[in-house]
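**Q** There's a structure below that I have some questions on.
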Amino acid sequence: MSGSNPAVSINKKKVAPVVLAILDGWGYREEIEHNAVRQASTPVIDALWHAYPHTLIEASGADVGLPDEQMGNSEVGHLTIGAGRIIQQELVRISNTVKENKLIANPALNQFSQSLKKGGGTLHIMGLCSDGGVHSHIKHLCGLIEWAASKGLKNVSLHLFTDGRDTSAKSATKYINTIEAKIKATGVGEISSLCGRYWAMDRDNRWERTSKAYELLTDPRFAISKLSAAESINKSYQEGITDEFIEPVRLSSSFLKDGDGVVFFNFRPDRARQLVKALKLKDFDGFERKNKTDIDVLTFTQYESGLPVSVAFPPEPLNDLLGQVIADHGLNQYRTAETEKYPHVTYFLNGGIEKPLKGEVRHLVPSPRVATYDLQPEMSADELTESCIQAIDTGIYSLVVINFANPDMVGHSGIMKAAIKANEKVDSCIGKLLNSIGKLGGSLLITADHGNSEMMIGPDGQPWTAHTTNPVPVILIEGEKRKLSGYGNDIKLRESGGGLADLAPTLLHLLNLPKPKAMTGKTLIEPINLPKKPNLIPQPAY
């Protein structure tokens, strides 16, 4: 899918662009062992790292508005990059509410419970059951169970999605034990179904996956297992199936019926939208719904504007973001990514705004239709690169943002050889991209939104499928037509104290645009006094 914006201005003279290349999941770790970044053959990025200004910046924890030691993620990373400031993320916002026992005072939740009690329906609580902190947190689920008990809701069914992606591949049992203990302590609720996130949380329009989760939740004929939740998980392990891929299993007679209510406690929108759309949209064409239900749905955060649901924690508006500054100065910008990361370079980078800005053109390159990306580690990087080069060659875009999904999406597989191939493909694409940028005298800023593929085996010796808290690299290749004036004869990048919030100020610096006061991040660029030399674009090695 590509889009043209009628508000895009066309200049006869070609623009030297500033290009931001986000290598999703390309973290930095010194150790070579189990490191798919260090073990990959990456001649282009290696050469750039040694020849051009570079540094490391933080992309996790407090530096991106998350709790200390909490791994970063793509949503938070792109939001922070676009905002140019540290924003308190939904994980922290909701966690504080739960910790302070303030769920009981949440207006949306209270109205929801009153309506449900009046109608006599069952409360269904669903979401990702883990402490990964990327899409949800088990403490929020525990808080909801306590909230339901405080409101006198007796009929409470839990539909839990197992993780194994942002957590260890075989960790579901400990989370189930935690929830069963909370159920016992409060006297409220039962675990009615289990389902791997692979089925319940697809975001790539693979509706055949979503339909399996939908049937589990709504089909009265769905078979009820005689096994307990823990027994079902262990049975999956015996069959070689890890948490992410656990087949849908119903554990009780409870399913969604007319008059019931659903609370979806995932706070990250992108992997929750499809299932909510299947449950609530009247005009829905993802798959044939055999068991339509008339239910109320409350989501923890706003998954998408216009969805017919209640929202417990509505978005807090952000102003003066990177894209807005570009648009306000009458400049054109181009955003592109594969399906898996398209929302991140558009919706999240723009602070949760769906509609393109004036002068903003978006281009989506379909991700390959494979079960898991280790089967095709190159993904659609070549097509993505070629489409981006075509956009750069038009000479109309001042800012270009491209996201390479490979290091993250293949890194999540936990398969070392595939992750190495993924990183090598991205390296070759950077070389091609650099040639195109250099022809116009533009600048390239290379970075990542969080770590992942630099750590493929965890401390327990098992495949590491989650993100990391490692820093990420930044490399600046300053183009001949984008040389900064008033900075001596050369530049360097700040050696320490940097974070993702500093990238937008750095990009505005390169574009010679003023930084809004709301952006508390600072440019990473610092002057040094060296003999002037041409900033030649190296030839790609591929």
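Glycine is treated like the rest: Cβ placed from N, Cα and C.
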**Q** To which of HIS135, HIS137, HIS140, HIS363 does Swiss-Prot also attribute binding of substrate at the site defined by ARG165, ASP166, ARG197, ARG203, ARG268, PRO269, ASP270, ARG271, LYS341?
**A** HIS135
**Q** Can you pick which of SER74, SER387, SER398 Swiss-Prot lists for the same Mn(2+) 2 site as ASP24, ASP449, HIS450?
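**A** The record-listed residue among the candidates is SER74.
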**Q** Closest to ASP24 (Mn(2+) 2 binding site): which of the binding-site residues ARG203, PRO269, ASP408, HIS412, HIS467, going by Cα position?
**A** ASP408
**Q** Would you count the other C-beta atoms found within 10 angstroms of the C-beta of ASP408 (Mn(2+) 1 binding site) for me?
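**A** Its Cβ shell of radius 10 Å holds 29 other Cβ atoms.
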**Q** Cβ within 8 Å of the Mn(2+) 2 site centroid (ASP24, SER74, ASP449, HIS450 excluded): which residues?
**A** ILE22, GLY25, ALA59, GLY72, ASN73, GLY77, HIS78, LYS341, HIS344, ASN403, ASP408, ALA448, ASN452, HIS467
**Q** Between PRO269 (substrate binding site) and HIS467 (Mn(2+) 1 binding site), what is the CA-CA distance rounded to a whole number of Å?
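**A** Given the Cα positions, PRO269 (substrate binding site) is 18 Å from HIS467 (Mn(2+) 1 binding site).
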**Q** Under a criterion of Cβ-Cβ distance under 8 Å and sequence separation of at least 6, what residues of the same chain contact HIS467 (Mn(2+) 1 binding site)?
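**A** Sequence-distant Cβ neighbours: GLY25, SER60, MET71, GLY72, ASN73, VAL134, ASP166, ASP408, HIS450, GLY451, ASN452.
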**Q** What's the CA-CA gap between ARG203 (substrate binding site) and SER74 (Mn(2+) 2 binding site) in angstrom, rounded?
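**A** Distance between the two Cα atoms comes out at 14 Å.
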